[in-house]
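Below is one structure, written out as structure tokens, with a few remarks after it.
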Amino acid sequence: MDTNVILLLLLVPLIGSLVNIFFGKKLGNGSGIIATIAVLISFIVTVIAFVQVNSTKVAIQGDLFEWIAVDRFTISFGFLLDQLSLLWLLFVTGIGTLIHLYSTSYMKGDENYAKFFGYLNLFIFFMIVLVAGSNLLITFIGWEGVGLCSYLLIGFWHKNQDYNDAAKKAFIMNRIGDLGFLIGVFILAFLFQSLDYMTIKEALATGTNHQINTWIGFAALAIFIGAVGKSAQIPLYTWLPDAMAGPTPVSALIHAATMVTAGIFLITRLNFVFDLAPLVQNTIAIVGAFTSLFAASIGLVQNDIKKVLAYSTVSQLGLMFMAIGFGAYEIAVFHVITHAFFKACLFLGSGSVIHAMGGEQDMRRMGGLDKYMKVTYITFLIATAAISGFPFLSGFFSKDEILMVAFENNKFLYIVGSIASIMTAFYMFRLVFLTFKKGFRGSQEQKNHLHESPLSMTLPLIILAFFSIVGGAINLPGSNWLNHYLQPIIVKSTGKAHELGTEAYILMALATAGFLIGLGWAFYKYIKNSEVPQEDEKITGFHKVLYNKYYIDEIYMVIFVKPIYVIATFFRDFVEVALSGTVLGLGKIADELSLQGKKAQNGNIGLYLFAFVFGICILFYYLFIAR
Amino acid sequence: MENVIEIIGIEKYIYLSIILFCIGVLGILYRRNAIVMFMCIEIMLNSANMLLVAFSTFHQDAEGQVFVFFTMAVAAAEVAVGLAILVTIYRNIGSIDIDKLKNLKG
Amino acid sequence: MIEILFYILSTITLGSATLTVLSKNPIHSALWLVVSFFSLAGHYILLNSQFLGMVHIMVYSGAIMILMLFTIMLMNLNISHEVSKPFFTKLVATVAFCLVGILMLTIVMRGNQAYNIEYSSTGEDFQSVSVLGKVLLNEYVMPFEMVAVLLLLAMIGAVLISKKDKTEKEA
């Protein structure tokens, strides 16, 4: 039964993907429906499995076959549906279903409509593999697979060279992280002769010594680098904003809600490893906090509606990493879930806006859209409020928990996180105000085109907005359902259930105050003073630095890309010439020799016969006389 | 009838067959006419046959002669196919001069 | 008496074989070869293998040589067609002939001469037709059958090869 559940879960999206990729052209609009249904089936299976696991408290486990067997080192192709992976699967497939539904309208009329859904389904498949794998290698398959799908989907409109470059950038950046992941996998395999999560967990539970702890530290660091690549943290975050080149549903699904949280999933999965490496944990917390602040500050001045959301994603992921760094894995997971809801809602909302604007993404050309797009506006507003930490919405609770943990562990990082939160509130409301309020600033043609999106696009928005409101209920301070739920997974939790004491209330109040500051600032600037961001050329000073993302891309260009180009040019111009000269020279010699040898073969049978006879003579001589 | 080997000696047969074989080799190298070359091949085969028979008598064993039968059969088959090929070549080229057959040129 | 017979036969064999090689006219070559084959048959009979000698005459002189003569006549070859090789080639051919001969003779003479022992016949019957037939059809029945198949295949092959191409006929 267990194996059947796993197979059903895995194969349905895969089959959907294959059908769409190979037969999509013939299906027409049906391909979108097939893809949506495939993910929906996965979602239903997940829900059933979730209900079962939640009541029995026993993880569903199944080995499909033994994959690699070398001496005592064996890796089975096995899957594990425990509390953590089911939680992830729930929102991967759930939000995935909504986004598929949304895409059926959004992508309508695209020439590669079926291929798009094929890739989306493939992504869901790999994400399930990643999340449900019972050992690190299976997870790695999924990890690489989602990277591939991300590449394919970012570069989906491959006729635009910029988009291709963005896709390549995402892929290469991820490769750097993947290398770290692989090194971590190697170290763990070396230490434990196994990559199975459960085996490693049991091995560590029996105790370790100092030397092993050192190696585990390295492994944790390497895996963290992998997570940094996939989850877009400093210094490997630059691919995520560029990844917005893909179609908006892709941004919502992959680059906001699911794939980028894979790093957090992996670290949570291996929490027992990271618990033994406090140094790495501190690094994670610091990297997370600063990524959060850094990305938020860039987000302040961006004018592209999707870029703002991208930087906000990076920022929120930073907060999650901060929570992980403090060992509060449940809280990070909590924020992942709430973030998945409101960020997906935001991206889909922005997609709806872009759809209405006929492809325009610059906020300076928008404004006043609330009159035309009621549903989009309201859902967008709810999600914005949730991400900014409006009291009693989902984001408020999860972010508050993170800040509370930070406050308990490290006051400085608490301040960093709080500033990032204030900035988040500001730029999110800046986004809302610029997009939906005041008068329309676009062209007349665009104005006539404005319309509310169809039901298949607004329905996901409404559902996601609803969950943005109530999503916090899974881990309300005081009840802490999620903490209890995840207890079997997390060995040593520091993010223990927070009592509703004075300190908690003060921190909540402070967070609310921070939210109000951000909101007020944005309101003052863009509603009261009706400011509109300046055109690109007029931006000066620090603003310009921020607008150009601290010139990080340019710095990377100079530090990493240029030297590599120089080396590559050197190799191409000198080493390759030398090598190919040698190789070709050898070939020339053989060629020349054979040309000469060919002359002996002149087709004269008489000559051949002479050769026979003399050959026989030589043979006779050596065999009978010379001996 | 008495055994000739007792009188003549096996080594004379060996020399005879060697010389006969060499004459065959000479013919192969000396002539250009494919049919004559065929005949020379027959000469060489016969020198081997004769040695087989001589040794068969020498060892007083019938097996040597059995092999001579097989050799004859093979020679007959070879001549039949070989002459067929020659006829075809002659039909196509109008000659069986092997110096004119240069299609094996590499 | 037998010795003299052997020498006469050997002279005929070698002489006619040499004439086969050296005759300018292919028909003469063929005829000399027939003479050579007859003398070989004489050798066989001298060696007390009368059956083999008969078979030899039938197969070689009767079948193979007739086949060759027919082919020669079919192609209408005669002396006028014959172009001899250049002198250099002939020289080299002679040198090769001497080389092979000397080499083989050397090998035989250098050998351990296991046959040079005092030889006496046991007088046992080993080569009468009945004995040969028994050996051929008991111990060697499998190769015997295979030779039959080989001959059949050679016949089919010869017919197939020398058959005129249909396309050629049309052209």
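Positions of Cβ are set from backbone N, Cα and C atoms, glycine also.
In TrEMBL, annotation is done automatically, which means it is predicted and not curated.
Fair warning: this is a prediction, and the values are worked out from it, not measured in the lab.
Copied over from TrEMBL, here are the features:
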| type | residues | note |
| --- | --- | --- |
| TRANSMEM | A:6-23 | transmembrane segment |
| TRANSMEM | A:30-51 | transmembrane segment |
| DOMAIN | A:67-117 | domain 'NADH-Ubiquinone oxidoreductase (complex I) chain 5 N-terminal' |
| TRANSMEM | A:86-104 | transmembrane segment |
| TRANSMEM | A:116-134 | transmembrane segment |
| DOMAIN | A:134-424 | domain 'NADH:quinone oxidoreductase/Mrp antiporter transmembrane' |
| TRANSMEM | A:140-158 | transmembrane segment |
| TRANSMEM | A:250-267 | transmembrane segment |
| TRANSMEM | A:279-301 | transmembrane segment |
| TRANSMEM | A:308-326 | transmembrane segment |
| TRANSMEM | A:375-393 | transmembrane segment |
| TRANSMEM | A:413-436 | transmembrane segment |
| TRANSMEM | A:457-476 | transmembrane segment |
| TRANSMEM | A:605-625 | transmembrane segment |
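Here the transmembrane segment (A:375-393) does not lie next to the transmembrane segment (A:116-134) in space: the count of CB pairs under 8 Å, restricted to residues six or more apart, is fewer than 3. When averaged over the domain 'NADH-Ubiquinone oxidoreductase (complex I) chain 5 N-terminal' (A:67-117), pLDDT in the model lands at 88. Looking at A:6-23, A:116-134, A:413-436, A:457-476, A:605-625, the range that has the most CB pairs within less than 8 A of the transmembrane segment (A:279-301) turns out to be A:413-436. Tertiary neighbourhood of the transmembrane segment (A:457-476): same-chain residues 95, 98-99, 101-102, 105-106, 330-331, 334, 337-338, 341-342, 344-345, 348-349, 351-352, 355, 375-376, 378-380, 382-383, 386, 392-398, 401, 482-483, selected by CB-CB distance under 8 Å and a gap of 6+ residues from either end. Among residues of the same chain six or more beyond the transmembrane segment (A:250-267), those with a C-beta under 8 A of the stretch's C-beta atoms are 84, 88, 91-92, 95-96, 99, 102, 120, 123, 127, 130-131, 139, 143, 146, 149-150, 153-154, 156, 181, 223-224, 226-233, 240, 243-244, 274, 284, 306, 309-310, 313, 317, 320-321, 324, 329, 332-333, 336, 339-340, 343-344, 346-348, 351.
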